[in-house]
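Colleague: I am attaching a structure below and will ask some questions about it afterwards.
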């Protein structure tokens, strides 16, 4: 008799059937991942890979997880955000016998406990690959090893409420785990593929400091990720989150978007298409000029605070909306964030004010003067906290890149071509990912003749652009 599988923590395993139905629907909308299974499945390039995955536990991620398993990998999974888990997706993955530790609305204590549990491989041993979104799994090992090697002073100097919890976990691990626990993990990891801008910044910082422990592939800066997921994904999912959270009429409202990178561009377009009059703030003169040329009013947050009805942060930086900005806002202004972390808005400065929870991930905060503010997802990702995240089709492109990156680092690095540095996938794979998604939406490519290809100095089959080309 087979032992019952219990290596998971989900809200309700009874949601598995619902999750499986939605996974089936998503597979139809994720041609890149399904083609990857068909092409690479027989070769099993990830056989022997033990992947620790920290990425939003959604229906789309379930398709990614099952693709990795179909290619031979052994996987353990957590969500990279306390509000982004879709409980029926987590249940379906658990019911399939894949370890997953994720509950929508989990506490920060649970979040970090689940991250630690992800690294404790069932049957002994450690993971040998990381698939990360935001860099928390990567930081867990790097900072754990740093403390294990005797540099523990930083553990007594947390810079945020979350670091208080994270550093307490590291102290606990140092006491309870055998000596050399983090060193063993670090030694076994062959590489990490990183999904998002914030995590990529962390990787480049470590590379610059000479502390990066293993090769890393920056999936975020693949064109078929950043110019699609970040832009077109946000264009669809931002307004979905605001509407589900507030039920307000967006048409005619004044909206303020902080940041005009790819996420900001998609966010501004999302609000404009909903009928909002959109303002943008930027520190980069190039992005500011782009916003102005697109017809957006480019202002500062100080200018916008008393004018806008809706505020969205999309910068990847900290303290973008300060307590002073919030005090200057209209009564019941809506404030949310679509960057990876919750520090774009000074949430900590609001903790001593009156909070009224209206419904999950929607809070009304009252200031001493009686003015109120509507805060979505406590300043965390609004499109995943208040809605269902990006559509399956655009996530197929991102996750196909993730799968190819895992194959590169695990199966195609036997000659040691990947050092302890940050890389991007080659242009040929970027174009391959795009090509896999064309038929689904009825795109017919024009083909170059040989003489035309020679004329512009490319191969008939591509790549068609130089690495420095900006799409």
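Cβ coordinates are placed from backbone N, Cα and C, and glycine is handled just like the others.
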Colleague: Per Swiss-Prot, which of 163, 194, 195 sits in the substrate site along with 58, 133, 225, 229?
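Modeller: Looking through 163, 194, 195, the residue Swiss-Prot assigns to the substrate site is 195.
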Colleague: Based on the record's binding annotation for substrate (58, 133, 195, 225, 229), what whole-number value in Å is the widest Cα to Cα distance?
Modeller: 17
Colleague: Just name the most isolated of the binding-site residues 58, 196, 198, going by other Cβ atoms within 10 Å of its Cβ.
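Modeller: Per-residue Cβ counts within 10 Å for the binding-site residues 58, 196, 198 bottom out at 198.
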Colleague: Ten-angstrom check, please: count other Cβ atoms within 10 Å of the Cβ of residue 195 (substrate binding site), all chains counted.
Modeller: 27
Colleague: How many other Cβ atoms are found within 10 Å of the Cβ atom of residue 225 (substrate binding site), counting all protein chains shown?
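Modeller: There are 28 of them.
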